[in-house]
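According to Swiss-Prot:
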type	residues	note
REGION	1-63	region 'Disordered'
COMPBIAS	7-21	compositional bias 'Pro residues'
COMPBIAS	29-38	compositional bias 'Gly residues'
COMPBIAS	39-57	compositional bias 'Low complexity'
REGION	105-194	region 'Disordered'
COMPBIAS	109-118	compositional bias 'Basic residues'
COMPBIAS	119-134	compositional bias 'Pro residues'
COMPBIAS	144-153	compositional bias 'Basic and acidic residues'
COMPBIAS	176-185	compositional bias 'Pro residues'
Amino acid sequence: MAALRFGPPPAELPAVPPSCPPGRWLCGTAGGSGGGPGAAPAPLASLPPAAEGAPSAQRRKRTSFTAAQLETLELVFQDTMYPDIYLRERLADATQIPESRIQVWFQNRRAKSRRQRGPPRPGAPAPPPPPPQRSPCGAAPLLRAREEHREWPPRAAGPPGSALRPHGGSGGAPAGPYPPRPAFPLPAGGGFSELGTEWEENAIGAFRAL
């Protein structure tokens, strides 16, 4: 009846568990001998409390800029969007802001500027290229060809005496549309024969005087 009321007798616990040192297992037992039902369990090692807010602790602290610092950074950004390390160091000395934070500020400012401009429109027409300038040497042959076209047909060059001979044709009419003009007026009454006779007489008279 006692066994049915109180259950089966408890099994004997091992003297020394394999995973626990004997000193800690036997600590606090009655009489310091053997582990029995009255043996006090060893206190468990306390774990460190879980760190609350670990991601927020690892997050970098946000830098707050004053109005004067923002004005200085904006002036430099209007001048150059990609400052080098030397310019960032000078800005760090002037604004008392770490150089790494200045570099991050310029990265964010460039991204903001691209968002404000928006993507380029694909259908926007490109500006036409400027017209090519013609060199003066290229215009000279064109002007020369125009002058030759105006004087067409060109006048034929001949010996000086050809201007005195009339062109052949019916009724003594000139053959071309541009008859040559005589170099000097012809003497009336056959002046050529009279001049030749007078010259011969003068020459004969001078020869006889010798």
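Using N, Cα and C of the backbone, Cβ positions are placed for all residues, glycine too.
What you are looking at is a predicted structure, and each value in this text was computed from that prediction instead of being measured.
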Non-local residues, at least 6 beyond the ends, that sit with Cβ under 8 Å of the compositional bias 'Basic residues' (109-118): 73, 77, 81-82
Per-state residue totals over the compositional bias 'Basic residues' (109-118) - DSSP helix, strand, coil: 9 helix, 0 strand, 1 coil
